[in-house]
């Protein structure tokens, strides 16, 4: 029985992230499994298959040979790739021809100089960006070729390098197996060819489903041809306790799959030796309205049945007797011959590697509806970090709008790098609304809406974020109010974390100090603070949560919250002395997935959401996951990846390699050190220059000739002082040795 999933789509719905996976596009059919790269970052999953032709392969100007054939060997057979392209919704492959006096499609006789060979060894005379039957390149269709007389840039036959490139997206012709280059036999002719990997998106078979509404409804298909071997797989979802999934009859022979009871699936058949029945019993009910997978196989040696991950039930065939399954009637899916049919959903039904189009047939059949709803009951748990599962006609998606995360499963941190002096303010009330505006009230409140007092004061807050910095002291986050109340998370001069609450009723703000842990070590740290009335729970990184309590005199209402600040506190009115001190010059480092109750201020700033109008930014906010903790998916190491492809990562315009978004920390630190050293040397230089001019007794500005056109002060000095660049280079050399 197949150990591998049928497609990348199936892996995605097991909650898997982007990586290399083995897929088996035709179940246990003859094709066998293949290794592909599954990119899960978008709503639709991309499946990528690589080949061994290097990018920019030079095709030399040898005057002896008229044609040069470039062969592409894929990490899969042509039949396997065809199985992927035929079930995909869309496929594409990048192709590029760079030329110097080497024409591409233009020949006097009409047959092109260069062509490519696709599926089934067919030759194709169109190029990337164009389509079947149109003997042109992309520039010919867009009408912007080098020479308007021709339909490709290369056909102009110039002595300078030119290029024709684009996507081949007619999936019935893919993949490219050869490129044949023809215009090479003149002196000075040179060309380079690049072909990207095949990339396919979507899987039409995986979600192909029908809902059986009455126990007498059925779909019929032509007779199942499974004489010596039968391999049937499908998913079902039901709340009924029994019903026939499918049946096909002969004179006496038959094959049948049914749900016998809430915990039993049965596979029965007769090939002429009397009926055989295999039953899988599940410890848990199967009529729980969740998707369950059934896989039944029969060949001359044995028969087997598997349900979900339960143990495989196997029955050996008798050594003597009949082996051929002879069927005559139509194949019935659902109720057959007056039996109680299946109520619920069946999807991705494959018989001997072919997916039956339940959806099309259901459109014209009474009592059966195309498609299926209720995917969230089975897959909703993959929407992480408070993301909400949203039903879709074919599948589901995760809505991350109320979270500080992003990505298909709401697990990608949204974070940013803050330069010194840069700050972000999130106003709890959108501009021009009254303080008691309901919208901001619901935004501010925690998950359950009863928490908001009429004048918008909070009894409880939930705050979580991660950060990394090396510069102390600093204010990581500050929540101001229209009253003296505030809340702040700080790193004090010793590098220790401090949570500060001022809710009134106490002389001094209430501080929680985490001693003996250096938080300014440049590593990402996670902070979770939850307050409910007087009780505060703090969890730091992976340490156990610790509980604190506000003093008995302290008020427990956070009155009239006004704004949340990241990077620096710019607030009018009286401000706590320490906070003012720590907040100058400002935070330098990374903040990630900041969430205060229902508000995600960084995400509102970096992604256009309906709350983006609440955000004000000073300086340039650079998106980065340098503060993400723990660092998101670790890439598969070359040692553990049995299919580590070195060449594949060469220089594809669409590279499938899992590239970690993270900034490589070591190189960042080394770079930082070098930058600091160079900066120090520059400062010394500038100081010396100033010093020399002062000795001459003249006041001399350094805004010399190049200054007006220069973009910044540094650029102006560089434009003006020819030795300046040399000094940098010298100092760099010394330090890099």
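Using the three backbone atoms N, Cα and C, a Cβ is placed for every residue, glycine included.
Fair warning: this is a prediction, and the values are worked out from it, not measured in the lab.
According to TrEMBL, the feature transmembrane segment maps to residues 668-689, out of the candidate ranges 624-645, 646-667, 668-689. All protein chains included, residue 345 (disulfide bond) registers 22 other Cβ atoms within 10 Å of its own Cβ. Its Cβ placed at the centre, residue 372 (disulfide bond) has 25 other Cβ atoms within 10 Å. With DSSP classes pooled into helix, strand and coil, the tally for the domain 'Fibrinogen C-terminal' (1-51) is 5 helix, 17 strand, 29 coil.
Here the domain 'EGF-like' (373-411) returns a mean pLDDT of 80 for the predicted model.
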